[in-house]
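**Q** Below is one structure. I have some questions about it.
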Amino acid sequence: MSNKVIHDMIEAIEHFAQVQPDFPVYDILGQVHTYGDLKKDSDSLAAHIDRLGLPDKSPVVVFGGQEYEMLATFVALTKSGHAYIPIDSHSALERVAAIVEVAEPSLIIAINDFPLADVAAPIFSAEQVQTAFREGASYELSHPVQGDDNYYIIFTSGTTGKPKGVQISHNNLLSFTNWMITDKEFATPERPQMLAQPPYSFDLSVMYWAPTLALGGTLFALPSAVTQDFKQLFETILSLPIAIWTSTPSFADMALLSDDFNSQKLPQLTHFYFDGEELTVKTAQKLRDRFPQARIINAYGPTEATVALSAVAVTDEMLQNCKRLPIGYTKADSPTFVIDEEGQKVPNGQQGEIIVCGPAVSKGYLNNPEKTAEAFFEFEGLPAYHTGDVGSMTDEGLLLYGGRMDFQIKFNGFRIELEDVSQNLNKSKYVESAVAVPRYNKDHKVQNLLAYVILKDGVAEQFEREIDITKAIKEDLQDIMMSYMMPSKFLYRETLPLTPNGKIDIKGLISEVNKR
């Protein structure tokens, strides 16, 4: 845990490039890049970007996976005054196209081959990035991202099928980073040796790279190909000298399937940081059993409030007495309240909507004033955001989570809006009408997604079995829907229940599915 705050992210990175140029900043399967490399490569690429004559402060898409070149490109763009928009290379084509349409980037830097040919923005290839690195140009910091300038823009799913770009400024990022490196709950060590697994398009990634770069540590990247190969994943994890594990609880659940995931095999692993979805008592207890001395942090917060707004170190008392773990003590600079339907604060212990205020709150959604006006507001003179989460506050200042207010859910760490899934299901040539419904397990966690489907006339007769219909629908939608949004079970109906105003009764279906 540091007692110093940083005032500028690039300044912090430059400092470590000066005092420890040979210290590893990025290790991807044994390929090591130092702080000196990061400075040299980002300087040279920033100089090249400046020569392109892009509009001032215009956002730039960066397309790729966990490659070192992604990090170096992010730093280069920050130096040259541009916000970056990370898009993971495993994204569905339609999502990539929708992000580019909304964002209107001035440039697309393709660390992996960019899948769309017909885009307005010029494409800067991986080969061009490497050429820029080799140029070794020096760079004078004259117009970096600073203050309220956008540092990065991360796209979440939207209710109309159109993704929303959350704008996070340099000030927002500093609020989050300084909390992480000084907060006693996280107790982040100096020079952290940090697992870098969540993709950069997921804001949980900021929880690993921001404190690591601010404290001069090393990131150990897990490429997607490794995480999808169970055998290779465990062999790789056991070889990494990581002290801090940052992931969704779901990824930890996968790691726990291996008996080798324990403190005997990984004695240096002392911290677990969780965010992105609910950490259950069951998962936390398994980790406590396997890593008795480790610090397990349960953090909470929406992308719109810069990654997280609260955190708590899970105690044995919590594991014994809580049905749901508390989601943390809130950041000192981010007043967080629970309000009723009239917008009034409720007493401690009473449930309402969680709202967050202060310097970590985003300025809103990129090029989407309507959605910005719906979610962002002013509360007691501070910028504020409606989380849409139900919660309550204890007298001790611990925030408790009570679920989603609307039909937005967390599944395997991804934020999914049910209407988004439903709209995509309805694009299939076989489907007349469809809705997505979550099924929860006893830990109040989304277990899987179900699809209630009315088929178009004549479709059922084309197939012998329902399983063949499901296969055909999934194949029809594979280029439209992200794999994590695809329902695992399809239920076929002649009709779907309606509300009095004629809409499909999703609440009723959710209740029906989750009767116990």
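Indices start at 1 and increase along the chain as displayed.
From the backbone N, Cα and C atoms, a Cβ is placed for every residue, glycine too.
Sharing the feature lines straight out of TrEMBL:
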DOMAIN    14-366  domain 'AMP-dependent synthetase/ligase'
BINDING   THR156, SER157, ASN298, ALA299, TYR300, GLY301, PRO302, THR303, ASP389, TYR401, GLY402, GLY403, ARG404, LYS503  ATP binding site
BINDING   ASP203, VAL307, LYS503  D-alanine binding site
DOMAIN    424-503  domain 'AMP-binding enzyme C-terminal'
**Q** DSSP on the domain 'AMP-binding enzyme C-terminal' (424-503): how many residues come out helix, how many strand, how many coil?
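**A** Across the domain 'AMP-binding enzyme C-terminal' (424-503), the residues distribute as 20 helix, 25 strand, 35 coil.
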**Q** What number of additional C-beta atoms lies within 10 angstroms of the C-beta atom of TYR300 (ATP binding site)?
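**A** I count 29 other Cβ atoms within 10 Å of it.
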**Q** Fewest other CB within 10 angstroms, which one of the binding-site residues PRO302, GLY402?
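**A** Counting other Cβ atoms within 10 Å of each of the binding-site residues PRO302, GLY402 gives the minimum at GLY402.
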**Q** Of TYR300, ASP389, GLY402, ARG404, which binding-site residues come within 10 Å of VAL307 (D-alanine binding site), going by C-alpha to C-alpha distance?
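**A** Correct set: TYR300.
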**Q** Around THR156 (ATP binding site), how many other C-beta atoms are within 10 angstroms of its C-beta?
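**A** So the number of other Cβ atoms within 10 Å of THR156 (ATP binding site) is 21.
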